[in-house]
Every structure is written in C-alpha cells, then in structure tokens.
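Engineer: Once you've had a glance at the structure underneath, I'll fire off some questions.
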Amino acid sequence: MDIQTVLSDLKLNGKVIPVVGGDVNQTYRIKTEHRAYFLKIHPNVKKGFFEAEVDGLKELSAFVRVPDTYMLGETSEGAYLLMEWIEPGKGDQRDLAAALANLHQQTAPQFGFRKDNYLGTLVQKNSFEEDWWTFFFKDRLESQISLAEETNRWNVQRQEKYLRFKERVLKSVEPKKITPRLLHGDLWSGNVFFDQQGHPVFVDPAVSYGNREQDIAMSQLFGGFRPEFLDAYQTIFPLEKGWKDRLPIYQLYYLLAHLNMFGESYGSQVDQLLENF
C-alpha cells in the first residue's frame, strides 16, 4: 500500500520514518513542522479493521494511558489510522503492574464486548455470556479452531486432543463465580511501553471483559516482562489460588491465533499444550 497515497489523503507533509517491531501493520513516524504522528497502514482491509482498534483504545483510555487517535480512513488498497506519536522512555515494571491492576478492577455484568474486534488480523468474537467457560470455549478457543479448519491446520487428531483437553479443564476448574473484568486482550511485551515521563502506555488491544488470568497468561507466554512485574501485580491485586496451573488454558488461545496467522510453525506448541495440560 503506497504511503504517499495515504499522506495525500491525510493532507500531511513531513519526514517519513519506518517503525519496526510489529507483525500486523506497516508503521511509520511522520515528523511534520509542528509535531510527530504515528501512522499505521494495513493493505486489503476496510477501515472497520482500525475502527475496532479505536473503539478498544477508547474503552481503555479512562483507566490507563493510551495514544490519542486522530483520523482513520481507507483507500482502494487498504486502510490507515493516524495516531499520537508517544516518544518512548524508561519506566518501572511495578508501575506497569499497577496500571494493569487498575484496568482489571473495571468490571461488567457479562463476559464479552459490545462488538467483535480483532486479535492481530483475526476476528475476535465477542458475544455476551453469563458464564465464563461458555464464553471462553465458544468465542475464544473454538472460533480459532474453526479458522484453523478452514485452512487445513486442524485435523481429526488435534480435534480429539482438544476434546480431551476441554473435558480435563472443565473437571479441574472450581465452580466459583468469575467476575468479568476489562482486559487488554493481547498483552505481550510489544504492546506496552513507557513514555518520557515513565508512565506505562498500552497499545494494540483486543479488548473484552473476561477473566483477568487471560492477560496474565499472555504476558508470560513469549517473555519480555521482568519478574518484578508479576510480583508487584500479585501484591496489588492477588490472583486466585491455582492461577499458575490455569495459565496454559488461556495461552492456548494465543497459540491457536498464531497457528492461524503464521502457520504450522506453532503447531507443535499447540499439540504439546493439548497433550500436557
């Protein structure tokens, strides 16, 4: 997708600097005479792709620091989103833990969200449900499995493993009330940073109201968070007994999504988790 077409559409003139680090969008820092912007471009999608991101950022913005969003649109080649450029700085992982704990203190009557959104490039289903495990299996795991079936990344053997996994999960979890809490939804280390004042900044969410253990599970899946982050979170807002044992349940969701986005290179991790839980 041609960036000059997008800049013309935005009526922006400035120095264009590619920004590396993400797997989903083309990203740029646009330095104009008066300020800097962050521009995200994604080919072959409609602007609804970025409308979902803006909606998620607005949901988070009352409770944690997120970038402001200025304009989104689409061309014949794809869609774009113009955002605030926040200069990265250094910060304390304990402050990040406090910000996440504050986010997780926000609750809702039901699990889900008011509309579907995206995890990476994949549609994230968000129907409202009263029961957490009904929501999680249907709108998280099984929606990803359906996508994997469509691309021949799911077979009879994996389905059999999954059904046994599901049975073990439902037998192992205690029938206690789980409170729907506001989740970032894609909490890997690339989606949080610190600004120049040391404040945590949250980006690229896949927002819903769910079990907060899901955010913790993602934070521990691919690394990048120092031990003091989790220690501080536990001090501020302790997790329920047995939370460590349940993390693989939620990590399966993200591994399935990676299987769908990036292919069979994640298949062995999916298989191992299904077999070992």
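Each residue's number is its place along the chain shown, starting with 1.
Using N, Cα and C of the backbone, Cβ positions are placed for all residues, glycine too.
What Swiss-Prot lists as ATP binding site is GLU84, TRP85, ILE86, and the listing cites similarity to another entry. The active site, proton acceptor annotation in Swiss-Prot covers ASP186, and the record cites similarity to another entry as its basis.
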Engineer: Report the residues of the chain - excluding GLU84, TRP85, ILE86 - with C-beta within 8 Å of the mean position of the site's C-beta atoms, for the recorded ATP site, in sequence order.
Structural biologist: ALA36, TYR37, PHE38, PRO67, ASP68, MET83, GLU87
Engineer: Rounded to the nearest angstrom, how far is the Cα of ASP186 (active site, proton acceptor) from the Cα of GLU84 (ATP binding site)?
Structural biologist: 20
Engineer: Looking at Cβ-Cβ distances, which residues of the chain lie under 8 angstroms from ILE86 (ATP binding site) while being 6 or more apart from it?
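Structural biologist: The answer is PHE38, PRO67, PHE193, ASP195, VAL201.
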Engineer: Just to verify a number: CA distance, TRP85 (ATP binding site) to ASP186 (active site, proton acceptor), in angstrom, no decimals.
Structural biologist: 20
Engineer: Just to verify: the residue among GLU84, TRP85 with the fewest other Cβ atoms within 10 Å, which of the binding-site residues is it?
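Structural biologist: Output over binding-site residues GLU84, TRP85: least Cβ neighbours within 10 Å is GLU84.
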Engineer: By a simple count, how many Cβ atoms lie within 10 Å of the Cβ of ASP186 (active site, proton acceptor), its own Cβ left out?
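Structural biologist: That number is 22.
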Engineer: Which of the three DSSP-derived classes (helix, strand, coil) applies to GLU84 (ATP binding site)?
Structural biologist: strand
